[in-house]
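Enquirer: This structure is in structure tokens; I'll ask about it shortly.
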Amino acid sequence: QAFPSARSFQVDYECNCFLKDGVPFRYISGSIHYARVPRPAWRDRLIKMYMSGLSAVQVYIPWNYHETLPGVYDFVGNRDVEAFLDLTAELGLLVILRPGPYICAEWEMGGLPAWLLWKPDIILRSSDPAYLAAVDSWLHVLLPKIKPRLYQHGGNIISVQVENEYGSYYACDYGYLRHLLGSFRSLLGSEVLLFTTDSTGAEELRCGTLQGLYATIDFGPGSNVTEAFDAQRRVEPKGPLVNSEYYTGWLDYWGEAHASTSAAWVARGLEDMLQLGASVNMQVSPFLLFTLLPWSGADYKDQYKPVTTSYDYDAPLSEAGDPTKKLFAIRTVISKFQPLPVGPTPPATPKYAYGRVALRKYADLLDVLDVLCPSGPIQSQFPLTFEAIKQAHGFVLYRTQLPRDILDPAMLGAPPHSICDRGYVMLQKEYQGMLERYGQMTLRVTGKEGDTLDMLLENMGRISFGANVSDFKGLLGNISLDSIPLSNWLIYPLAIDTAVQQGWPHAAMPKSSCRGRAGPAFYTGTFETPGVAWDTFVKFPGWSKGQLWINGFNLGRYWTHCGPQQTLFVPGSVLYVGRPNNITVLELEEAPLTPLLLFLDRPLFNRTLGCSTSATE
């Protein structure tokens, strides 16, 4: 602190290394997503990373997590990124910062706010003036919080990544990268090390790199380490070798097998890189976010592939923060190259199997629209997207009436890819079935003129990686009956999360319902903890698809007949001791005959039964 001018972190192009305060330096780092970790667990996770031998952590900042509406910022509670960064410094960890504006991270829209799509023709991640204006506004709020925490100013942030894997995006807009470089330099100063990260393909490195930004690469344990770093050398002939994202595991998509990567394979790849003197950042610590639901993203790889609620990633630290064999294998490799901190790695957090909890049906969703949409519906001749009505996440209900008697079954359908992402269809409040983005696009229906037709549209997560992240939600085209478009819609933007956070429906009287188990409906129950509030995992025996809240905290989606994820992680920090814990379930398709939840002391991931979903078509 006394001699800030002596503090420096820079590239030595002569000796092909980093220099920290003028001394050659190599970092071994791990990624952590503060937005996916309950704030009470931040310290535990960071200590475990430090004790595993890491000298640094890589920290992602999701723009949409903090600027929820244009000019509306949230940096409190779980979103207090400054408190998180200060905690990393307190614990002796350096920070590699990834502030975006695009971060990927399997996060909704790669961290870009959905409200950017209020301008339908905006070109994201480009020199589009509308996009750049929003980016500049955000960076002018965020980066002044970062500057005093830079290493040169006495803080612990040694480098800052600009954008992320931009070479994998179709735009290849050097003007955009130059604009970001200018903004970061203007707001952070000339001394901070700015860098890019891209995969090792020649085209990706051509479009993702820019003079003035140090070029790093990313690859996993299946890659040939020498060939991968040769790719970096083609764009960065001198300077340190850096793998900025070494994949220690992989994400899960709904409807596919749980991904896993062997500990021995990961350790061998790490050792090969460290022997070459490379700096490495590993995907070490991706955890579940306890208010996750709006934030799971999706990939686009020839089709839409939504990511599961859990971000366990087969990581060295599990979503519950537990050390795994992979962590100890990594720790052993690190010990060959640098001393480990003295002392044991903290143990796994205690878990508790609270057992069975009976639920009862509270109400069908269609019977509580007054609570879920207090401002009432929007009238429109034809359907409007989520973005057109300024609804970012969750659900929107579209309602119209049958224009004529339908005695013989008629085809209810939509143009290809215009149901984004799943539509649950009710006629006269009776569940008819489901339409989806890349699956079933038609249903046969019968009814009378004037009968009410409802479609509940679910956003399963905006694309975070792929050809285009402009992923509009809701009904993107007309719904037709035997090819004749239906008109005169009432559109209800539903604020389910807000209602549940405010205590509904536990603070309200139950609704009487004579309808059965099919279709979107709310179920409630309570349970008490036996004097301790420990982490737990909840299983959904016999349930179909929906989401769970406990004590108003949105714990994410379940989709039992699709898989692979079969349990949701419940951090002990969301549970009460000495008073009832309120459970709310929104089941979308069909509830079991005996509605109950099962609380376990371990997760269940790898069970894919196959499902009709865009993830598996």
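Backbone N, Cα and C atoms are what each Cβ position is placed from, and that goes for glycine too.
What TrEMBL says about a protein is an automatic prediction, not a curated fact.
Below, the features straight out of TrEMBL:
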type	residues	note
ACT_SITE	Glu165	active site, proton donor
ACT_SITE	Glu245	active site, nucleophile
DOMAIN	18-336	domain 'Glycoside hydrolase 35 catalytic'
DOMAIN	383-494	domain 'Beta-galactosidase 1-like first all-beta'
DOMAIN	520-578	domain 'Beta-galactosidase galactose-binding'
Enquirer: Rank the active-site residues Glu165, Glu245 by the number of other Cβ atoms within 10 Å of each Cβ, and give the residue at the low end.
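Expert: Among the active-site residues Glu165, Glu245, the sparsest Cβ neighbourhood within 10 Å belongs to Glu165.
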Enquirer: Do me a favour and check the Cα-Cα span between the residue listed as 'active site, nucleophile' and the residue listed as 'active site, proton donor'; whole Å is fine.
Expert: 10
Enquirer: From the DSSP assignment alone, can you count helix, strand and coil residues within the domain 'Beta-galactosidase galactose-binding' (520-578)?
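Expert: Counting residues by DSSP class gives 3 helix, 29 strand, 27 coil.
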Enquirer: Kindly report the helix/strand/coil residue split of the domain 'Beta-galactosidase 1-like first all-beta' (383-494) according to DSSP, in that order.
Expert: 3 helix, 58 strand, 51 coil
Enquirer: Grab the pLDDT values for the domain 'Beta-galactosidase 1-like first all-beta' (383-494) and give me their mean, rounded.
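Expert: Here the mean pLDDT over the domain 'Beta-galactosidase 1-like first all-beta' (383-494) amounts to 93.
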